[in-house]
Structures are given as structure tokens and as C-alpha cells.
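Trainee: First, the structure itself, so that you have it in front of you.
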Amino acid sequence: MSQLKNGSSQCLWTSICIVLIVMSMAREAVSTNYAEALKNSLLYFEAQRSGKLPPNQRVTWRGDSALRDGSDAHIDLTGGYYDAGDNMKFGFPLAFTTTMLAWSNIEMASQLRAHHEKGNALRALKWATDYLIKAHPQPNVLYGQVGEGNSDHKCWMRPEDMTTPRTSYRIDAQHPGSDLAGETAAAMAAASIAFAPSDKAYANILIGHAKDLFAFAKAHRGLYQNSIPNAGGFYASSGYEDELLWAAAWLHRATNDQIYLDYLTEAETGGPRTVFAWDDKFVGAQVLVAKLALEGKVESSEQIVEYKSMAEQFICNCAQKGDNNVKKTPGGLLYFLPWNNLQYTTAATFVLSAYSKYLEAAKASIDCPDGALQASDLLQVARSQVDYILGSNPQKMSYMVGVGTNYPKKPHHRAASIVSIRQDKTPVTCSGGYDKWYNNPAPNPNVLAGAVVGGPDDNDVYGDERSNFQQAEPATVTTAPLVGVLALVF
């Protein structure tokens, strides 16, 4: 009998050891994925670079491109980022990308440093802000686009070979764009905070631009696509009130000046929102004001309470504890809209991650209609979304290119889908690119590491086809929010 007991004991301990080893290996695999994903997310921005590439460029299949941008307006507009899978520089989504990169650098600074990616994260941010500084040559002048969207999209060319028009478009006092100027002000203000610890002089330059742009946006009201009609078919703005709030919130955080807080408390809060994205920043502004309230840095008022309430309502809905919960796919992905859904998922995931830090610091929680949320609950939801994106989904596919082995091989991306100019300098023509590369059934010759595609549909189904642009096209606005989240959940 005792031998049986001893045998059972040994069996039990062996089973426990095996389970612990398997769990440890699983944790290590997840950690490895986070590390790989964080590194790749920043490499992606190097693949999106426009202009003269620096000596420390790590994505070596790319080359210099668009070196005459701005020449039609007698201004240097080289640099910046191509917005997605085309060769366009759209200022509106670029500015949002910049703000989110800055927010990651601010909120997750210690985590980025611990994972040895802080330098790369700041370089990704500076590539954007250097361009935005060039694009703002006068207080009331801001260049908001380089390139012709329609002609660019009719061609399938490497950025290094571009022959499409590179027209420069601007807003000014006579041709306003409060949304574009406001978002760019937010980007500059947020970036000034990110750079202040390491480069105070550069931070001061950025805050000067931010103040001028906010004043410009307020004084000359209007939608930017009315001044730059070419942008309307690609990144039309639905309004500018959110960008003005967003800019004021970042300027207040950067300067602590009362005038920006006054603007926030005198304006409408935006009410309940269903998304946070390049065209709707109300949630971002609400979260920044809620942070002030949690820290006790502002006097409580009906308006401040509403900002916090609206921010937390969005979070409750993302965490499935609200009155109007965000739809989830059967596999567990937060699903907002069919076209490039992951841009909304990554932005919402950033909000959850940042707010978890604010709650933890304040030792606070959120009272949702369907129960309380602690800081750890928010982080758990954020991690579940990251895990889904990196492969814990019904397709067993990572929707970030280059992570693991099963990831999209044919993202809708001109530069990645055409042989590198480093390998073959033969120019690729406008129609030739479509004939030889766009319609090629083979995987893209260049791995666009770190690119997050649009993602699966509401049934967790994804079609890995270059022509499937709604699902297969990556964009800077999708990856930017994920940088900080990856650093935090790692």
C-alpha cells in the first residue's frame, strides 16, 4: 500500500513539474513575442521613412526617396513618413501618429528604457517632428500634404522610383484647417514633453510651434479638406472640436498654463464616444483631463467630472462592463469598424494601458454599470488584445508582420511588395509595378517587420491578399499606439 502511495506521489510530482515547465515555456514564448513585436514596431517606422535615410538606418532594403518634396513651393518638405501602403505624406494622420508615438515615449518611458528601445522610440518620434517643424514655416502656415492621392494610387511603384506628382498643399489664414493645425499642435506639445529630459532646446522649439499652431487653429476656423480638397477622399475630417480639445490638453500638460485648462473647461467634452482614432480624439482629451482629476491637480467641477465620466464610459465599454459594449469577435478581438479595424483596437488598447497606470498611481478604480474595474483589469484587457494581434486567435496568425512564422506575407504595401532597389536598380514603372508585382501571387520580397495590417473581419477571418486593402494594408496610425502598449505588457 505504501509503495502505491509513494508511486502515486512520484506520479503527482512528475505531473506538477511537467505542468510548471510547460507554463514556464509558454510564458517565455509570450515574452519572446512581446520583445520581438516591440523591436519590430519601431523598425516599421524606419521602413516608412521618406527622404534621405540616415547612416544608422536598420531597414536596409529601403533607399532614399522623394528628395525634392516641397520644391514646387520653394520649401524643404523632405522627410516624414508615408502614411500606409502608398507613397503619400498626409499631414492629418501623420500628426496623430506623432502624438501617439510621443504619448508612448512619455507614459511608457521607463519600460521602453528597460527593454533597450527608448533610443529607437525617440528616433521614430524625431523623424516625424523634424518634418512637422519644416511643414510649419510661419505661425499661420502649415503644409498638410505632399503628393496627389489619386495619381499615387493609380500607380504601383517603389517610393525610390516615384514619377507621380509631388504637389505641396498648405493651409493658412485664408484657407484654414483647424483640425489639421490642432492635431499638429497636439503632436508638437506631446513631443516636447517626450524630448524635454534629453534635449530641452529641441523641446522648447516644439512647444513654440505648438502654441502658434493652436492659436492659428482657434483664430481661423474650418475643416482642412475644404482648403486641401485632395485630402478629402482619403482622410476627411468630421470636425475640428476634438483636435482643439486634444491640443489644449497636451499644451496644458506641457506648459501648465491656465489658458489651456480654461479652454478645456469652457468647451464641450465631446460626450460619449465609440472610437478613438485619427479622426476622433475626444477620448484622448477626456483621458488627459481625467488624469488631472485623478491626480487632484484641478478643482472638481461639473465639466471636469464629465470629462472623467466620458473617458471611463469608453473604457467600461471596451472592458465589456458598460451600457454600450464594444463588439467582440468570437475569438475575442475588440471590433469597431470593417476597414482597418485594428487601428481602433490598438488605439483603444493604448487608452486602457495608460489609464491603468493613472488608476494605479491614484489607488483608484472605475465603477462601471456591470461592476468595478481595477488597474490590473484594464491591463488584462489590453494584454488580451495584444495577444490576439500577435497570434492568440482562431487563425493562429500574427497580424504584426515578422512576428513568429505565420503572419501576413502579402500586405498591401508598394515598397515591400516590389524588389528592393538595393537588389535591382531597374526602375519600376507606374503600370509595370501592377503587372509584375501587385498581381504577383508570391509573398512580398521584403518583410515589412512591425507592420500591423487592418486585421480580420468580425468572424475572425482574414484574407492574405495584396488586393484586400481593407484588411491587408498596414498604416502608421495602427502601429503607433501599439509601441507603448507592447513596452508595458512585456
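Glycine is treated like the rest: Cβ placed from N, Cα and C.
Taken from Swiss-Prot, the feature active site, nucleophile applies to Asp86. Positions annotated as active site by Swiss-Prot: His412, Asp464, Glu473. Annotation source Swiss-Prot lists N-linked glycosylation site at Asn6. What Swiss-Prot lists as signal peptide is 1-26.
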Trainee: Whose Cβ, among the active-site residues Asp86, Asp464, Glu473, has more other Cβ atoms within 10 Å than any of the rest?
Mentor: Asp86
Trainee: Which whole-number value in Å describes the distance between the Cα atoms of Asp464 (active site) and the residue listed as 'active site, nucleophile'?
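Mentor: So the alpha carbons of Asp464 (active site) and the residue listed as 'active site, nucleophile' sit roughly 18 Å from each other.
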Trainee: Quick one: pull the CA-CA distance for Glu473 (active site) versus His412 (active site), whole Å only.
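Mentor: A Cα-Cα distance of 5 Å.
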Trainee: Rounded to a whole angstrom, what is the C-alpha distance between His412 (active site) and Asp86 (active site, nucleophile)?
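Mentor: Here the two Cα atoms are 9 Å apart.
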